[in-house]
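So that you can see what the record holds, here are the features copied from Swiss-Prot:
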MOD_RES   SER2  N-acetylserine
MOD_RES   SER43  phosphoserine
MOD_RES   LYS52  N6-acetyllysine
REGION    54-113  region 'Interaction with PPP1R16B'
MOD_RES   LYS89  N6-acetyllysine
CROSSLNK  LYS89  SUMO2 cross-link
MOD_RES   THR97  phosphothreonine
REGION    161-180  region 'Laminin-binding'
REGION    205-229  region 'Laminin-binding'
REGION    242-295  region 'Laminin-binding'
REGION    266-295  region 'Disordered'
Amino acid sequence: MSGALDVLQMKEEDVLKFLAAGTHLGGTNLDFQMEQYIYKRKSDGIYIINLKRTWEKLLLAARAIVAIENPADVSVISSRNTGQRAVLKFAAATGATPIAGRFTPGTFTNQIQAAFREPRLLVVTDPRADHQPLTEASYVNLPTIALCNTDSPLRYVDIAIPCNNKGAHSVGLMWWMLAREVLRMRGTISREHPWEVMPDLYFYRDPEEIEKEEQAAAEKAVTKEEFQGEWTAPAPEFTATQPEVADWSEGVQVPSVPIQQFPTEDWSAQPATEDWSAAPTAQATEWVGATTDWS
């Protein structure tokens, strides 16, 4: 499909992206029309998709999209959550018309309703989930392109791109690859330089996970501010005020306290001694008399 041109050959970095996103991993069931895109079967029953065939059908789908003169005549649809963000990003990059979410029955066939449109090409994410637009496309002779897994029915599908259309990373990467090839074939971007848009922008993210991440980031920021506030708070300034003394020789005036005068005794005088041989006093004899009678 690449026409033996080195420019259109699959690069090693593209193969690494496919393997990292799990694009080559199919399901455990196999549709008979998808057998031509299968490389091998693993021991656990999972079929492995041939990435060479995936790349060839991707280039064919990009050529079909580029062949439409008005980009708005290309309708890209995804009713599953994993492909809605990728569809909107693809439409913003290539100018296609996105239908993300529920497809209103009769959009391609009922001319009375306000949502009626007549596209020239239809690209869907999952033939099983997007069966209603595929069926209506068959009524109005509308060519269709679909991302098909190993168990996807190929009824009403004109160009099937074999890949893993269940994983969020695989679906986002396939839409990113398709948008990049469309822009390269239009000449909008060069093949010599990598596309500045990252595949992460096409990945589906659960709103609950995003809310949890934002809450965790906010709590982390608050904790960081509190931690920094405890250690980086400015220390209180202590300014010791020194009394102003004009003449340091004068010093500080100390209040005078009157000195109490105590009488002085003559230590050289002979102290008065008592006569120890004198008779005891009457009080002492009373105690002696009271204590000697033990009988």
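One-based numbering along the chain as shown.
Every residue gets a Cβ built from N, Cα and C, even glycine.
Mapped onto this structure are the features recorded in Swiss-Prot.
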| residue | record | DSSP class |
| --- | --- | --- |
| SER43 | phosphoserine | coil |
| LYS52 | N6-acetyllysine | helix |
| LYS89 | N6-acetyllysine | helix |
| THR97 | phosphothreonine | strand |
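The modified residues SER43, LYS52, LYS89 include none with a CA atom within 10 A of the CA of THR97 (phosphothreonine). If you draw a 10 Å sphere around the CB of LYS52 (N6-acetyllysine), it holds 15 other CB atoms from the protein chains shown. Under a cutoff of 8 A between CB atoms, and with a sequence separation of 6+ in the same chain, the neighbours of LYS89 (N6-acetyllysine) are TRP175, TRP176, ALA179, LEU201, TYR202. Remark: secondary structure over the region 'Laminin-binding' (205-229) totals 23 helix, 0 strand, 2 coil, with classes taken from DSSP. The Cβ of THR97 (phosphothreonine) has 15 other Cβ atoms within 10 Å, all protein chains considered. Around SER43 (phosphoserine), a 10 Å sphere centred on its CB holds 5 further CB atoms from the protein chains shown. Between the CA atoms of LYS52 (N6-acetyllysine) and SER43 (phosphoserine) there is a gap of 22 Å, rounded to the nearest whole number. Averaged over the region 'Interaction with PPP1R16B' (54-113), the predicted model has a pLDDT of 90.
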